[in-house]
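Novice: This is the structure I have questions about; it appears just below.
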Amino acid sequence: DWLEAMPPHVLAALRRPHLGWQMGAAVVRRRWLRPFAPVVASPLVALYCRARRSLKKRGVSRRRWACSLCRRRARWKCVRCLRSYYCSRQCQNVSWHIVHKHVCYKPARFWWSVVVYGALAVLMFPGILTDPVVYDLGASCLILSFHAMGVLGGGLATALKKGMGVDVRGRTLELVVVGMTLWLTAASWGCVWGYFGQPARCGWGTLGMAGGDGGFLKDSWTSIVGNSGAGEPPAVADGDATVTPLSTSDLGAILRLWRAFFSVAKSGLAAYDGLWSNYAPAKVASWFCMEGSALGSDISADGTLDVSNSDFCLRMVHDADPDFLVAGRGADHARCAADLSVVTGVWAAAALAALGGAALRRGAERAQRRAAQAAGAARGADRAARAADRAARVAAAAALAVRRGVEPRPHQD
């Protein structure tokens, strides 16, 4: 009976539910799925909501949310999970009684989500156990790449809207930003792997254009990386492709700065390694020190690990190579140099776009304050003019009364 008293848009949404509502209803109908659905789905929904809020702040997404039931513009959201949006109290009531009360994300389920997604991450990426720092840096690259692409996408949307009157905000631009984020993350993470001794993972930044006759790299050296040597460096074969490697003297200012940064990072890792070597208990050190694979020079002919020539405890410190960009060490290192140049250019463009947007917003705020001050001054001048006109009229009336011999009445003002 209470459904019959609902507004027409609620009844229409129940007659023709959208795909998300159909999936939620299918989960609710299976009682054994009710405890697991929020644990698995809510972190993904929360990640989506947070990412979309970030894109909205940068001008990539449109500033509206859809109702979880009828898909109209939403104005409220669930106060417990903060992940379900509604356009009216009626939609919230119907959604709560039918679906949402069974899947609403309780704070007590947070640690279950941590356990589930932690185990899933270990199963999908076994290297997390052996190279946790590299995967942490990969997650950091994902976050930074998303913010960088959001800034660039928002700047592009704002420029097109103000310059050409074209509004490109919406789902398409969101998908473009997500795709470019994945590309930039792959390129950045490939450079991280190259620094830790696996330069073969580089190449995502140039999307294969670094192969062939090396035309992309050849054109990029003079404009981005630099080429201070005399003549072209020798070509290095990479299967069927040929890539021109970099040498130390060919590094431009950007890659020289990166090489200095990686050298400082190597020193910091060495200091961290010294703490493990000198202060960690022997049992704990045996779990982490040089466990798993290492560089080829530390593996003997019979396949056993030989650490007699290594001065480091942790394998990531042993594998860290500040010179993975230079010294003509092969096609993989040349790809790492090209990828790092592309990534640096994208991050620099995002930084400039962020600074330019901040400067434009500050200028707009100053202009609004000046306009408000000017409007306030104009209103003050108008009030003063009206007061002066009123005083002039009172004085004129008093003078006229004096001439006529009539006692002027005191003005009420």
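Every residue, even glycine, has its Cβ placed from backbone N, Cα and C.
Whatever TrEMBL says is automated annotation, not expert-curated.
Note that the coordinates shown come from a computational prediction; the quantities given were computed from them, not determined experimentally.
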Novice: Which is it, of 32-49, 392-409, that TrEMBL names as transmembrane segment?
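Specialist: The listed stretch tagged transmembrane segment in TrEMBL is 32-49.
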Novice: Against which stretches of its own chain does the domain 'MYND-type' (67-104) lie, if we need a Cβ under 8 Å and a gap of at least six residues from its ends?
Specialist: 3, 6-7, 9-10, 12-14, 18, 20-21, 24-25, 27-28, 34, 37-38, 41-42, 45-46, 49
Novice: Could you tell me what the rest of the chain brings near the transmembrane segment (172-196), counting residues at least six beyond its ends with Cβ under 8 Å?
Specialist: 52, 55, 60-61, 131, 134, 137-138, 141-142, 144-146, 148-150, 152-153, 157, 202-205, 207, 262, 265, 316, 319-322, 324-325, 332-333, 336, 339-340, 342-343, 346
Novice: Residues of the same chain, at least six outside the transmembrane segment (32-49), with any C-beta under 8 angstroms of its C-beta?
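Specialist: Distant Cβ neighbours of the transmembrane segment (32-49) are 81-83, 102-106, 109, 112-113, 116-117.
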